[in-house]
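Worksheet: one structure, shown below.
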Amino acid sequence: MTAPSTLAFSRVETDVLKGLAILGMFVHHLFALPGLIRPPAEYLPLLPGVPLEYMLGRYGKVVVAIFLMISGYGLARAALAGAPGGLRRVLARLLQFAGVFWFYFAVLVPIGALFFSDRLFEGTPRYALDPYRLVTNALMLRHDYNYEWWFTEAYALVLLASPVLLALARRMVWAVPVSLGLFGLGAVMDMLRLDPEPLSLSAGLIWQFPFVMGALIARHGDRVALTAPRAAGTAVLLGAMTLVVEAMAPFAMTPALILSAPLSAVLWIWAARHMGRLTRPFAALGALSLPLWLIHSFFAYYFLQAFIYAPRLSLLVLANLLACSVATAWGLEWLRRAMLRGVAVARRPA
């Protein structure tokens, strides 16, 4: 008899989840933000008159919560397995993340400054390299060069707070209400613009919620049965929620997706476990998730938008962005790792 399926997921399923999330992020950025699509770029929907791509893209914003849940899950599982924790582990993980970010920053921002400096931002060229803007963007405190890089600051803040958040997750009876309270505080700070410039503390307070939920899944997920009927019911519920929120309060879509992230986890984990022959391709996509996330919005919005949307049909537009982003990520990751190997060799004693 096979073991019953639960919310606990494996390392391979983690990569598949990341691959699914990257695809969802691409759909979100291509189809859910029409104000960022400038003529002549446009797309033709698969079903004329049916905003399928737009609604899928609106729900696709949940991928930010999915990534943070995966992070909370992974750190909590490592702690349960006895891995050394504390501030040193957090700083090592943050430095690893920052190292990847700085590499892509050093590659992509100069390209923007050299070839796309005429794109204006707040009255000045988007890729102006004045010292204040350059330093604050490199430190992830601002995101002038690519708005979609806002997540770097939120992730860094959540990661720095992770020792406290993981300790909180040890007691579910406290974890859920306290995490919800922090979410509410962050939402109020964001609405009233109470963040101390240039830091966005509200983002950290808001986005800690899915991280804590991921840590709770790590501790209790193996007790929750995951069945096809439960996944189907969750899909219907999330679809209905997305339609209702979009119709009645579209401004509330992001908080609704964050707060419903545990429900999305049920659906996404089930999907990751039933990909069949697509498991390996999506796992490979997930292994490149951070580079793809850093690269793709430059192509979709800033560098190659007309080319990305040139196929016109929505599915082909998505395939075009995916192909361009994956090819670029493969090449740049080869270069980054070659540079790291070179540094490692140079540091060896003679």
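Keep in mind that glycine also has a Cβ here, set from the backbone N, Cα and C atoms.
Features of the protein shown, as given by TrEMBL:
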| type | residues | note |
| --- | --- | --- |
| DOMAIN | 15-332 | domain 'Acyltransferase 3' |
| TRANSMEM | 20-37 | transmembrane segment |
| TRANSMEM | 57-76 | transmembrane segment |
| TRANSMEM | 97-116 | transmembrane segment |
| TRANSMEM | 149-168 | transmembrane segment |
| TRANSMEM | 173-192 | transmembrane segment |
| TRANSMEM | 251-270 | transmembrane segment |
| TRANSMEM | 282-303 | transmembrane segment |
| TRANSMEM | 309-332 | transmembrane segment |
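The transmembrane segment (282-303) is not in contact with the transmembrane segment (173-192), judged by fewer than 3 CB-CB distances under 8 Å for residue pairs 6 or more apart in sequence.
If you look at the transmembrane segment (97-116), the same-chain residues 6 or more away from its ends with a CB under 8 A from one of its CBs are 126-129, 137-138, 140, 145-146, 152, 155-156, 159, 290-291, 294-295, 298, 302-303, 332, 336, 339. Beyond the ends of the transmembrane segment (251-270), by six or more residues, the same chain brings 5, 7, 9, 13, 17, 20-21, 58-59, 61-62, 65-66, 69, 180, 183, 187, 206-207, 209-210, 213-214, 217, 226, 228, 230-231, 234-235, 237-238, 241-242, 245 to within a C-beta distance below 8 angstroms of the stretch. The domain 'Acyltransferase 3' (15-332) scores a mean pLDDT of 93 in the predicted structure.
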